[in-house]
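Asks: Okay, handing you the structure first.
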Amino acid sequence: MADNRNRSGHVLVWEQADMASDEGILPTKRFGTRHYTVFMLFLGMANAYVMRTNMSVAIVAMVNQTAIEKDSEVFDDECPDTDYGDDTHDSGQDGEFIWSTSMQGYILSSFFYGYVITQIPFGLLAKRYGAMRFLGWGMLLNSVFAFVVPVAARQGGAGWLIAVRFIQGLGEGPIVPCTHAMLAKWIPPNERSRVGSIVYSGAQFGTVISMPLSGLLADHGFDGGWPSIFYVFGIIGTVWSIAFLLTCYEDPVSHPRIREDEKKYIQQSLWGNASVHIPPIPWMSIAKSMPFYAILLAHLGQNYGYETLMTELPTYMKQVLRFSIKTNGVLSALPYLAMWLFSIVVGWVADWMLTSGRFNHTWTRKISNSIGQYGPAIALIVASFTGCSRALTVAILTIGVGLNGGIYAGFKINHLDITPRYAGVLMAFTNCSANLAGLLAPIAAGNIIEGKPTIAQWRIVFVIAACVYLFTATFYNVFASGARQFWDDPENDEPQKPSIEAPAMHSEVNGSNGTTVATLTHRNVNEQSS
């Protein structure tokens, strides 16, 4: 072991965890500061998706459905009608506002325009000034403006409501790139899969919580029902934002109360013995990096396929199968619940694959991502051939979205592998591009099935989405890498070569059990800092 560790007079960065364990630096398995940070980031992601999805439930109660002229929706007659899952009992809801279907679309999309345009700016700012405060203050802005939503709608109408939702989207822009940047500073490489899965599965957790709770508040809440949705979640978001800003820190070095052994473990796992420094972004090297394009393509395919699964398949069930999954709260939550649970399982398995020594980061990411993208692709193809079987289609939807959770241990966390320094910046670019690609799914489906929502036309929609999944997942498997890229400047994170005392130190290392290796390393740290 000692011979393997001693190469060119220094300990390799990716073997720091072994070294730390030998000396006792590896912290105990109890709840540590990094675990608290992960827990807060999980709650932040959940809160972000609550804020993103609650309007889709609230707007049903806000609009006077009987006062507007309902669009003539075309139904297919290939499948028999059913006496369950019917939406007709909702048609008598009398909300406060008379907004056309197109106006409702503008209101629902206004949040996402604000969200998309701030991805890249906040990713760059987080790299320069730190991610924690942008994340905390952005979510605080999002939460505070939730209180303004009812006032804007009642006093200013749709225009003011659109403006408020747009501002909420601006505030939520930092959530993904800044979360990624913080994970890069807090999480050792062999913990990334499960930690990334836990944090980003907060999106599904938030959706599972938001949809049924928003429905209950809309029916039984105060101030007319639907306003309570924004008041309740606004309070929750504000409390989280303040707690996050007061108790979380940018990295282990700046945290005043972290245990010293945990701080050393994190720092040496990530950066070796060098001080953390962030050089200018190597734009040209990134632009030539195939591992980066592999992540980008996988992210694009994910958002396109996911939007098809979660928005178009329910529409297919309503128009063709005559069954609306949205009327059943349990069935609506099942796909999100399956994805949440499966993503956590895959994350733990992926980290076991790494720590067992049987798989490296590259293979672990490719295997996890293959499950996460080939699985939904197969589900979409199968769903297009299930005919009029409602139960089977619901099962396929749940399985497909559930398997999609594999992406969190795949491309979603891969930014941190190839470039811990610039992970937030890369995530900002891929997430912004992917959200724009996701908007294409309903546009493409709408053009294909317009006026003729037959099973054959819907099959085209599903097969296109499956092909996007298959192509981008295959591209990822060919060009992705779990190795840290040279343009991340990893050499500056490795310990410096031994000084004049090196020969004595070498004999000391070769004649010991590895504890002395850690002693040597700490001595080098002191020499560097002095």
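Residue numbers in this text run from 1 along the chain shown.
Glycine is treated like the rest: Cβ placed from N, Cα and C.
Dumping what TrEMBL says about this protein:
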- 33-484: domain 'Major facilitator superfamily (MFS) profile' (DOMAIN)
- 38-63: transmembrane segment (TRANSMEM)
- 106-125: transmembrane segment (TRANSMEM)
- 134-153: transmembrane segment (TRANSMEM)
- 229-249: transmembrane segment (TRANSMEM)
- 330-350: transmembrane segment (TRANSMEM)
- 391-411: transmembrane segment (TRANSMEM)
- 423-444: transmembrane segment (TRANSMEM)
- 456-479: transmembrane segment (TRANSMEM)
- 490-530: region 'Disordered' (REGION)
- 509-530: compositional bias 'Polar residues' (COMPBIAS)
Asks: Is it true that the transmembrane segment (330-350) and the transmembrane segment (229-249) have 3 or more CB pairs under 8 Å, sequence gap of 6 or more?
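Replies: With fewer than 3 qualifying Cβ pairs, these stretches do not touch.
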Asks: Looking at 38-63, 106-125, 229-249, 391-411, 423-444, which one has the highest count of Cβ pairs under 8 angstroms to the transmembrane segment (134-153)?
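Replies: Of the candidates 38-63, 106-125, 229-249, 391-411, 423-444, 229-249 scores highest.
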Asks: What is the pLDDT of the domain 'Major facilitator superfamily (MFS) profile' (33-484) when averaged and given as a whole number?
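Replies: When the pLDDT values over the domain 'Major facilitator superfamily (MFS) profile' (33-484) are averaged, the result is 84.
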Asks: Would the transmembrane segment (106-125) count as touching the transmembrane segment (229-249), if touching means at least three Cβ pairs under 8 Å and pairs must be 6 or more apart in sequence?
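Replies: Per Cβ check, the transmembrane segment (106-125) does not touch the transmembrane segment (229-249).
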